[in-house]
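Here's what TrEMBL has on this protein:
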type: TRANSMEM; residues: 12-33; note: transmembrane segment
type: TRANSMEM; residues: 45-64; note: transmembrane segment
type: TRANSMEM; residues: 85-108; note: transmembrane segment
type: TRANSMEM; residues: 114-135; note: transmembrane segment
type: TRANSMEM; residues: 147-173; note: transmembrane segment
type: TRANSMEM; residues: 185-202; note: transmembrane segment
type: TRANSMEM; residues: 318-340; note: transmembrane segment
type: TRANSMEM; residues: 352-379; note: transmembrane segment
């Protein structure tokens, strides 16, 4: 990897957590953790899963470095004024906050999105991803603090607390690029981790619509902290997910082949729009399929990240076609991203997108990232 690759610590952290998860699972009678808590695998399968995950990370890093060597079609837009996009995002965020407050839609843990024109607008224009594209492609802007503040209000309002972690990662990379010490970002991260029990209570209150309470005894706090910390580790690691998929691959592939879930090329943003319009079959995507297989009776919008390698295993179209599809998506995102911004800051942030969306197997969400990048490109061209 390049010497100016400032996201290496994040990559190593993810790999380390997966290694730690492997050790924990093997030493805990081979009981899986995270979303797969209660399920059991075998030591050989667990070690194989870690190898698969490491190979997928290596594959992504090689692909990333290869695509970074390709010159963008144009660099004229990279130096264009970001003010129109910033104003657009601020207005969109304010409208989104107001809409969610009045309707209660788009709240975490609930797939209800409504059927109105405004609701369709926010499905099409994913505010969270648009903000992420702006924050990771515009290095400096006087509007950044306003956009970040409104975004924090928005995702807290909807119970999507995990975006705090992404904000911290963006800040970490930004400070490394500026040769600043990251102790401030570290302090924020430690404070956020210590506040996890209270954050969980707030999140659950938002999702259930109940009055927010943050009263905890010391023992309640200690127990909740342990649960929430392990929950974070359980969500970041994907060893358990790959091991579970490996153990149940025949059943999962049969469900997929019988039309229960989407084919690899259908797991995209356009297919969801077509499904809403009634011109496509009502099939679920791979993370939803995995969640439904794990807990068929669970009445929730809960889904499970299958990991990139797990997603490829489930798709099983000779394995080659899903891989080609992923390469194509990576190419589209990289080229659009380079047109928007192609400095050292944006280059490092592109890898962060791959770690957050591609590596865990959120293929559909990654297509939403591509569409959002195109939206930013469109605004830049016409302003």
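Quick reminder: no glycine exception, Cβ is built from N, Cα and C everywhere.
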Selection from 114-135, 147-173, 318-340, the stretch that has most Cβ pairs under 8 A to the transmembrane segment (45-64): 318-340
Contacting positions for the transmembrane segment (85-108) when only residues 6+ beyond its ends and CB under 8 Å are counted: 114, 118-119, 122, 125, 127, 130-131, 134, 138, 141, 143-144, 146-147, 150-151, 153-154, 157-160, 203, 206-207, 209, 376, 379-380, 383
